[in-house]
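K.L.:
Here's the feature list from TrEMBL:
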DOMAIN    26-153  domain 'Response regulatory'
MOD_RES   Asp86  4-aspartylphosphate
Amino acid sequence: MAEVMRPEKLDMSNETSSLGSPELLHVLAVDDSIVDRKFIERLLRVSSCKVTVVDSPTRALQYLGLDGNHSSVGFKDLKINMIMTDYSMPGMTGYELMKKIKESAAFREIPVVIMSSENILPRIDRCLEEGAEDFLLKPVKLADVKRLRDSLMKADERACKNIMHKRELQANDIYSQLKRVNI
């Protein structure tokens, strides 16, 4: 007769969070200004983040595979933890980019942070009400980036704990079912 392992004997410790360690945090940074792009890229790298930078919302949508052309990056395997975008860009604002991302089933849960050098309260409020994780005034500070990174890591940790709890409940249920049929 096969041995049925009690749930507390099951080793689930090899599960790792998607962020696991800070250097695995992958940020997509979108800004039309090369100076601002380089600056935010540097801040993110100093904060132990993997960074992908693009120069427009259109390029961001292409990178995410949301431009209607499914031959873009293999977005099923694409792991982006956060998107940071400038608000004022030609062709499409950061707000409009965020709305398109939030409409996507694949990326709607990705936090989007909007940055701007313009402190316009109605704009800030609208972005936050419509789903922006945060709104940062430029120049973005290292402390802002570290706060965002730490917040994301804590959220990921909570999500991982919830998954582990669900798996423990499922294991207990399976154990109970197997015990009832005397396997």
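Note that Cβ sites are derived from N, Cα and C of the backbone, with glycine treated the same way.
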K.L.:
Please list, in sequence order, the residues in the chain of the residue listed as '4-aspartylphosphate' that are at least six apart in sequence and whose C-beta is under 8 Å away from its C-beta.
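P.N.:
For the residue listed as '4-aspartylphosphate', the qualifying residues are Val30, Asp31, Asp32, Ser33, Asp36, Gly94, Ile114, Met115, Ser116.
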K.L.:
With DSSP as the yardstick, break the domain 'Response regulatory' (26-153) down into helix, strand and coil residue counts.
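P.N.:
For that range the per-state counts are 52 helix, 24 strand, 52 coil.
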